[in-house]
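Student: Input: one structure, supplied below.
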Amino acid sequence: MSFTRQEPPRPVIAVVGPTGSGKSDLGVNLALALDGEVINADALQFYRGMDIGTAKITVEERRGVPHHLLDSMDVTQEASVADFQDECRAAINDIHSRGKRAILVGGSGLYVRAALDVLEFPGTDPTLRKELEEECENNGLAPLRARLEEVDPVSAARLGDARRVIRALEVHGLTGRPFSSFMPQREYFQPALQIGLEVDREQLRERLAVRVHRMVEGGLQQEVERLDAVGLRSGKTASRALGYAQFLKVLDGEMTADTAAEETIVATRQFARRQLTWFRADPRITWLGWQDPELVDKAVKVVNAAST
């Protein structure tokens, strides 16, 4: 009897790191080198029309590489990590079924974890949530926090604001399980590898400032005006995006464009620091220098080593 040797499944490749570090370019270069396709894991790049303010990769910059989950939502829609998980894993399966490499690119840490790791998303109970919100409004947060300490002390110690405490109690009421039991574990859902872009923090700070000024010069305010006309303000996710929230205030006469630009720079730098903290906590990531002239070659070697 003869047996056919089965090839091990190809790992999903994830390119991660802070905003402005060059993830999109590396993703395209890896796709060209490895016969792959890119899946977007930047929550704000899901939105059609949010191009300048998200530094969305252009059609020309994609260099013929197929990109999935870009421009897949209207600005009025709310982004959902659970929905993304389903859509991303479907895209991964589709890409792999055609013999291609799936390359996940993005800096939205929870979205990357949702795609790669074993991670459950509990449902919602609008009626229970409304009851909890009314209780919080009438009696304050303290009684709800005390209740959470009884059923889920881990979450009670970690969650500070009313919205998250209410969500934790909602999940417990819905599932009978503590909210903390749904937190992501560092266990891959399927074979995967992560490549992180190591940055010089001072250089990144300067790059982010230059990038925001270029966005403004490139028409960010006009982009916000166009999106405002199609419902940007009603979108819970899109309306809070860096740059967009600030320039909505410009449209309302609450601040000048110069002030909006400076506030966007500060907020973007803070966001980049949070991204670095998130990704640095994951020991599975292989870090490569963002400005290394041999970056692509080294990244390909990391992938090939993990695939043998």
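Residue numbers in this text run from 1 along the chain shown.
Every residue, even glycine, has its Cβ placed from backbone N, Cα and C.
Feature list, courtesy of Swiss-Prot:
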- G17, P18, T19, G20, S21, G22, K23, S24: ATP binding site (BINDING)
- T19, G20, S21, G22, K23, S24: substrate binding site (BINDING)
- S108: site 'Interaction with substrate tRNA' (SITE)
- R129: site 'Interaction with substrate tRNA' (SITE)
Student: What whole-number Å value do you get for the CA-CA distance of S21 (ATP binding site) and S108 (site 'Interaction with substrate tRNA')?
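Tutor: Rounded to the nearest whole number, the Cα-Cα distance is 13 Å.
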Student: Between T19 (ATP binding site) and S108 (site 'Interaction with substrate tRNA'), find the distance joining the two CA atoms and give it rounded to the nearest Å.
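Tutor: Between the Cα atoms of T19 (ATP binding site) and S108 (site 'Interaction with substrate tRNA'), the distance comes to 9 Å.
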Student: Using the recorded ATP site (G17, P18, T19, G20, S21, G22, K23, S24) as reference, state which further residues of the same chain have their Cβ within 8 Å of the centre of those residues' Cβ atoms, listed in sequence order.
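Tutor: Near the ATP site, beyond G17, P18, T19, G20, S21, G22, K23, S24, sit G107, L197, V199, W290.
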Student: Long-range same-chain neighbours of G20 (ATP binding site), Cβ under 8 Å, sequence gap at least 6?
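Tutor: The answer is A55, L204, R207, L208, R211, T268, A272.
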Student: Compare the Cα of R129 (site 'Interaction with substrate tRNA') against each of the binding-site residues P18, G22, K23, S24 and report the nearest.
Tutor: P18
Student: Starting from the Cβ of R129 (site 'Interaction with substrate tRNA'), draw a 10 Å sphere and report how many other Cβ atoms land inside it.
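Tutor: Around R129 (site 'Interaction with substrate tRNA'), other Cβ atoms within 10 Å: 17.
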Student: What does DSSP say about S24 (ATP binding site): helix, strand or coil?
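Tutor: For S24 (ATP binding site) - judged by DSSP and reduced to three states - the answer is helix.
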Student: Using the CB centroid of T19, G20, S21, G22, K23, S24 as the substrate site centre, which other residues of the same chain sit with their CB within 8 A?
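Tutor: Going along the sequence, the neighbours come out as G17, P18, D25, A55, G107, L197, W290.
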Student: Kindly assign R129 (site 'Interaction with substrate tRNA') to one of the three DSSP-derived states: helix, strand or coil.
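Tutor: Assignment for R129 (site 'Interaction with substrate tRNA') reads helix.
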Student: Count the other Cβ atoms sitting within 10 Å of the Cβ of T19 (ATP binding site), across every protein chain shown.
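Tutor: Result for T19 (ATP binding site): 22 neighbouring Cβ atoms inside 10 Å.
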Student: Would you mind reading off the Cα separation of S24 (ATP binding site) from S108 (site 'Interaction with substrate tRNA'), to the nearest angstrom?
Tutor: 13
Student: Quick one: Cα separation, G17 (ATP binding site) versus S108 (site 'Interaction with substrate tRNA'), in Å?
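Tutor: A Cα-Cα distance of 9 Å.
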Student: Taking the Cβ of G22 (ATP binding site) as the reference point, list residues of the same chain whose Cβ is under 8 angstroms away and which are at least six residues distant in sequence.
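Tutor: Long-range Cβ contacts: L197, W290.
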Student: Does P18 (ATP binding site) have same-chain partners at least 6 apart in sequence with Cβ under 8 Å from its own Cβ, and which are they?
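Tutor: Correct list: G107, L197, V199, L204, F271, A272, R273, Q275, L276, F279.
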Student: How big is the Cα-to-Cα gap, in Å, between S108 (site 'Interaction with substrate tRNA') and K23 (ATP binding site)?
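Tutor: Cα-Cα, rounded: 12 Å.
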